[in-house]
Amino acid sequence: MELKWSILIKLLIVQYLSVLCVSQDFDFFYFVQQWPGAYCDTKHTCCYPKTGKPAADFGIHGLWPNYKDGSYPSNCDPDSVFDKSQLSEIMSSLQKDWPSLSCPSSNGYRFWSHEWEKHGTCSESELDQREYFEAALKLKEKVNLLQILKKAEIVPDDGFYSIDSVVEAIKEAVGFTPGIECNKDSAGHSQIYQIFLCVDTSGTEIIECPVLPKGRCASNVQFAKF
């Protein structure tokens, strides 16, 4: 009987570990940047960080592990909590490139904590907490979306641009097709809100997206002022 219990316990441990490993596995990252003008120019409230109004530039929303079928893991390791002390050397970069616009006004810790615990913990097989945030910052530095769009004469002036021209400008500069997510302002205008690029599991190389998010954009979209 003891032998049977011993075998059963071992099988349960193996099963638990296999489930844990699966939860840590993923196929690629979505690297997501959001336009603050669109975030603030909706029916939702918008509050600037305690450090002041962010620059008129795309800000990081997150680096999200994803599966090729379009689903994604989340909250993979409840024991791995956000630890701001690990990010002291990159804090100024996070405040600049990964600002929180949610209300009430904050120092960004709540936003970063959410992103780490929901998404980052699912990439711990590849990146620890410091590496996860550094990877996103390096990707932001590598892909200057605002500069790319301005070069194509797509500027945040409240003007309207064809969604195809937005996609093509980014594809030409980066080499890969982006995903575009739009929202609507109070007048019902479709706006450039978030831009998705796909990244390999190391968090360093941009790749062609195995699956693109459904953006729900109109054929012509507004690039809101900020």
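Glycine too: its Cβ is placed from the backbone N, Cα and C atoms.
The signal peptide annotation in TrEMBL covers 1-23. The active site annotation in TrEMBL covers His61, Glu115, His119.
This view paints the features noted in TrEMBL onto the structure.
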residue : record      : Cβ neighbours (10 Å)
His61   : active site : 21
Glu115  : active site : 22
His119  : active site : 24
